[in-house]
Amino acid sequence: MPIVGGCSEPKVQEPIRSFDAVTEPSSRIRYPPTGYPELLLPNGEKRVVRSVLNIKKPMMFGDYVWDEVGTPAGLTWVRIDLGHQTLSVFRAGHEIGTTVILYGTDGKPTPTGIFPVLFKARTHRSTLYDAQMPFMLRLTEDGVAIHASNVREGSATHGCIGVPLAFAKLLYGQMRRGDQVVIV
């Protein structure tokens, strides 16, 4: 059974723009008439998507879906789509989780590219921003990470990817050092 939820963790970001519905189901990965869809990575590599989560309503700030039941073991990776403000987790080509995200502001943008998970910490406190960053997955040497945030309308990060607390915990349990995070 899929896990669907919201969040109530403390705010660790600054205000930006607003949206009515962040992600419409029609903006998700679409299947071609024959075969499986392929996601193009920044390095030109293509990744086949064998299945996606069945999301029937728009996802709002704080929403997430997680369903790994019956998904085989295999390559686990994350795709972050800044344009659609979403993060998707794939295992063995199957989407097992997705959520609406926060990302960096114009002054502190989120970098794009392919990043390995460099370091993991269940509890982390940023000394630069004096903020808790639970279930942190560090992506860059200068501190960009995926971590739990209060994902709500009008908020942003200083370059990190903010996800709901419960989703961050699930993601933390799936990802290992060296696993890839693709940001487009």
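Glycine too: its Cβ is placed from the backbone N, Cα and C atoms.
TrEMBL annotations:
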type     : residues : note
ACT_SITE : His147   : active site, proton donor/acceptor
ACT_SITE : Cys160   : active site, nucleophile
DOMAIN   : 76-184   : domain 'L,D-TPase catalytic'
- prompt: Taking just the CA atoms, what is the gap between the residue listed as 'active site, proton donor/acceptor' and Cys160 (active site, nucleophile) in Å?
  reply: 8
Message: As a quick check of your reading of DSSP, tell me how many residues in the domain 'L,D-TPase catalytic' (76-184) are helical, how many are strand and how many are coil.
response: 10 helix, 48 strand, 51 coil
Field: Mean of the pLDDT scores, which run from 0 to 100, over the domain 'L,D-TPase catalytic' (76-184)
entry: 91
